[in-house]
There are 4 protein chains.
Amino acid sequence: MPQTTLAVTLLAHTPDALSLIYAAFRQCYHPGYVADMWPRLLSGDIPGDRQAEFVSRILASGHESPIEHVSFTFAVAGVSRALSHQLVRHRIASYSQQSQRYVDAASFDYVLPPAVAAIPEAKARFEAAMEQAGAAYAELQEILGRHGRAGKANEDARFVLPNACETKVVVTMNCRSLLHFFELRCCTRAQWEIRAMALAMLGLCREALPVIFGGAGARCERLGYCPEDERFTCGRYPRRFENPQIPA
Amino acid sequence: MPQTTLAVTLLAHTPDALSLIYAAFRQCYHPGYVADMWPRLLSGDIPGDRQAEFVSRILASGHESPIEHVSFTFAVAGVSRALSHQLVRHRIASYSQQSQRYVDAASFDYVLPPAVAAIPEAKARFEAAMEQAGAAYAELQEILGRHGRAGKANEDARFVLPNACETKVVVTMNCRSLLHFFELRCCTRAQWEIRAMALAMLGLCREALPVIFGGAGARCERLGYCPEDERFTCGRYPRRFENPQIPA
Amino acid sequence: MPQTTLAVTLLAHTPDALSLIYAAFRQCYHPGYVADMWPRLLSGDIPGDRQAEFVSRILASGHESPIEHVSFTFAVAGVSRALSHQLVRHRIASYSQQSQRYVDAASFDYVLPPAVAAIPEAKARFEAAMEQAGAAYAELQEILGRHGRAGKANEDARFVLPNACETKVVVTMNCRSLLHFFELRCCTRAQWEIRAMALAMLGLCREALPVIFGGAGARCERLGYCPEDERFTCGRYPRRFENPQIPA
Amino acid sequence: MPQTTLAVTLLAHTPDALSLIYAAFRQCYHPGYVADMWPRLLSGDIPGDRQAEFVSRILASGHESPIEHVSFTFAVAGVSRALSHQLVRHRIASYSQQSQRYVDAASFDYVLPPAVAAIPEAKARFEAAMEQAGAAYAELQEILGRHGRAGKANEDARFVLPNACETKVVVTMNCRSLLHFFELRCCTRAQWEIRAMALAMLGLCREALPVIFGGAGARCERLGYCPEDERFTCGRYPRRFENPQIPA
């Protein structure tokens, strides 16, 4: 029953990403065929900073669809099933997640919330709960197996596994979907665990494609104000209705 | 910690569903404007069985998109978080799910797998595990609250809640997405719990719109053979490669 | 070759729409099962204005997904293929469009742009072009038919049909997708024809479900500023970077 | 008014595509973290043919979602607006299309259907129609410009442009969406032009990723029978109901 920690690895992304986005934007307004321009984009004959400047300007005006042509694929581990249940609610994305029906969880790893870890009494109670869940799982596997349910034992025994149980998932999102994901999940209102994962993903995206992700983050970064109501705002940006300059 | 059972309620579906699908199909091939024909569809001037016959015939040839115009909305309760995690993987759908971050789970209900319920020893072990998880949740809430984390106590304490924990969800899918959902989840290979929910949904759909759902079900029903490999087939239909008449 | 005009008819929408959205929002935060509350929502035991107030407040904080449970289906006619080509770019929607492969266009109707209609010289030139296209289509049909291509004559002859050619389409979108559609297409920057259609749809939505659509419209209505750059802004709202109170 | 011909260029695809799909499939059933295995997939330590064999077997059993992690981006030119209107109906895809609102079409290229090209009389009639449409467009531009509508002249003049008018588009689809696209558009029932484009795309996909696309094509290839009704079948495969061995 060991504790685990977040791991986010960028497995792959669409190559020549900036040039591809530039080409896609250009095709909308250009009379020629961007495939003819493509070698000049890759060779630097049309310089990268000119490509970047063009993309930034069009993007700022709200024309977002061309960034969909570029996707990022991450492998994620050390996250809880509580996290993955939230993650897969993002529908413009592809997921391949470790199955609790097929993978034995007899010695599962678990995620310990930092707020629990910070309080020795809470940490001890949490760890005891993990031990209890692990024991219940193993005993149910054994009982079900003894009664001829071996093939389906994992499937039914997993009902006693906790949300804290580690899962692993391969996730692909295009840049537009990623920006939306970051808007929601980099917000301080997001749950701490998915926020940590989103920030790790954002860091990798920024490194790979700064033109798109340099200014990405929570919704307030783009809107210029906090859209949450007063119970939930973190105070980093003014709320919409607090600022008389922002029309209601 | 009481045990709960599946509840599926059809809250709403697009009205005049057969006529709407008929109108949508007709608009593809008809020179006129289907809004002009619409009152005659509702009045029965164009009889329902003629509408049904037309829809069935076109649908059989693989032209499926017009059935997307009709959606069904279900409220579901008495299902586990193991189920809901699978459910929300269906992306052409809308979900509103009870939040474990905001709703107190101190006296959560749980789903007991039938194979566990059938073995007294397993049932007792399972129930003990539910009690243990409930106690751990309550104690963590209390400890976190005592340490000034009251506002976030549910969010962190829920990490010890089991997959068996009941959830409730409102789900909307259009007919095309429902057919696909039934293909996968009415199959005997599907997990027993989501299969029971899918069969309950299918029953309600059949009653409301038999033209579309009368013949719906697992993939084999539509394909005429089982696409699974030999380890997983249930034997109800021949596997593709067992039948020499079905080209590989 | 007669001129045609826009027709937008609301064929159907999800019934009890406000209550369904209220129920979906409530299920997220409520310990009970909304199916138990459902009869009281329909009977008015929980008054409509209380439902509306709750929905408005949650929606304002940016929690939009529950409005997806409600869909609207429109029949549209008197629109050009230029419009429909833009329309079907909205991907979270369902379309059933009149086929130029299967429907004879020998005496097609056409859409006349208002700016052309306002200039007699332009109008005459436009109408002559429609006559020429109609004649070319009919002659090609005849030639292809004479050469044994009767079955495919429409399919190939239609290559000479103009963008102005009328099409008819049945379109379904859920409320969230509609709000996004209105944001883009009710903007003065949108093409005049799709903007007229969007405004007609918005009028029908407002009447049916004012809680959701009362304040809907172009992006500036929600953002409080115009996101377009200086070449494209209509001046109705300040541009983002003109207003020093709105952080860049 | 020159005639144009189809051009399809593969601009980019997700790198290490087979390994990425393998890793995603494996993560579903594997207790470890695929990021740890990733270097061994790229180095050939886990050989490519073993990866291919595993992917083929799982895919054959109907588990398709892991192939979504890999996307292909094509630039397409020499296609008509009739084609692009069909293309963009495929919703699980991203498009950046040349705009007729912003790009001047005064000397547009056009697509000539082969059946028209094969009949000299039809070809001459078609070419005359193109000349007429081009002249009408140019004259309307001029009239509208003279009446102070220069900024919007293209937008309104384009209503006289024919379906045959060339367009250019950058399109991205993931492998699962591509397989579905090929099922519909490689069928002999598809319109000749989009079928030619689909076959060109399929050729490029096969070369880049034979494991996934080696057996791809029209629906009959996968089903083992033709799902179309008797009016539309091409005869290459038996129709479902003609073969008594295929259960209805």
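Keep in mind that glycine also has a Cβ here, set from the backbone N, Cα and C atoms.
The active site, involved in ionization of N3 of dUMP, leading to its activation annotation in TrEMBL covers A:Arg185. Its Cβ placed at the centre, A:Arg185 (active site, involved in ionization of N3 of dUMP, leading to its activation) has 24 other Cβ atoms within 10 Å.
According to TrEMBL, the FAD binding site annotation covers A:Ser65, A:Arg89, A:His90, A:Arg91, A:Gln97, A:Asn174, A:Cys175, A:Arg176, A:His180. Here the Cβ of A:His90 (FAD binding site) has 18 other Cβ atoms within 10 Å, regardless of which shown protein chain they belong to.
Long-range Cβ neighbours of A:Gln97 (FAD binding site) (same chain, at least 6 residues apart, Cβ-Cβ under 8 Å): A:Ser84, A:Val88, A:Thr167, A:Lys168, A:Val169, A:Val170. The dUMP binding site feature in TrEMBL is assigned to A:Gln86, A:Leu87, A:Val88, A:Arg89, A:Gln97, A:Gln98, A:Ser99, A:Gln100, A:Arg101, A:Arg158, A:Arg185.
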- Pairwise Cα distance for A:His90 (FAD binding site)/A:Arg185 (active site, involved in ionization of N3 of dUMP, leading to its activation) [Å, integer]: 11
- Note on the structure: Rounded Cα distance in angstrom between A:Arg101 (dUMP binding site) and A:Arg185 (active site, involved in ionization of N3 of dUMP, leading to its activation) is 28
- A:Gln97 (FAD binding site) in three-state DSSP notation: strand
- Have a look at the recorded positions A:Cys175, A:His180, A:Arg185 and say which one has the shortest Cα distance to A:Ser99 (dUMP binding site). A:Arg185
- Message: If I take the Cα of A:Arg185 (active site, involved in ionization of N3 of dUMP, leading to its activation) as reference, which of the binding-site residues A:Ser65, A:Gln86, A:Cys175 has the closest Cα?
- Response: A:Gln86
- Chain B sits near which of the recorded positions A:Val88, A:His90, A:Arg101, A:Cys175, A:Arg185, counting only a Cβ gap under 8 Å? A:Val88, A:Arg101
- Query: In sequence order, which residues at least six apart in the same chain have a CB under 8 Å from the CB of A:Ser65 (FAD binding site)?
  - Reply: A:Arg176
- Task: Just name the binding-site residues among A:Ser65, A:Gln86, A:Gln97 whose Cβ comes within less than 8 Å of a chain D Cβ; none is a fine answer.
- Result: A:Ser65, A:Gln97
- Query: Given the binding-site residues A:Val88, A:Cys175, which one is most crowded in terms of C-beta atoms within 10 angstroms?
  - Reply: A:Cys175
- Message: If you count other CB atoms within 10 A of each CB, which of A:Gln86, A:Ser99 wins among these binding-site residues?
- Response: A:Gln86
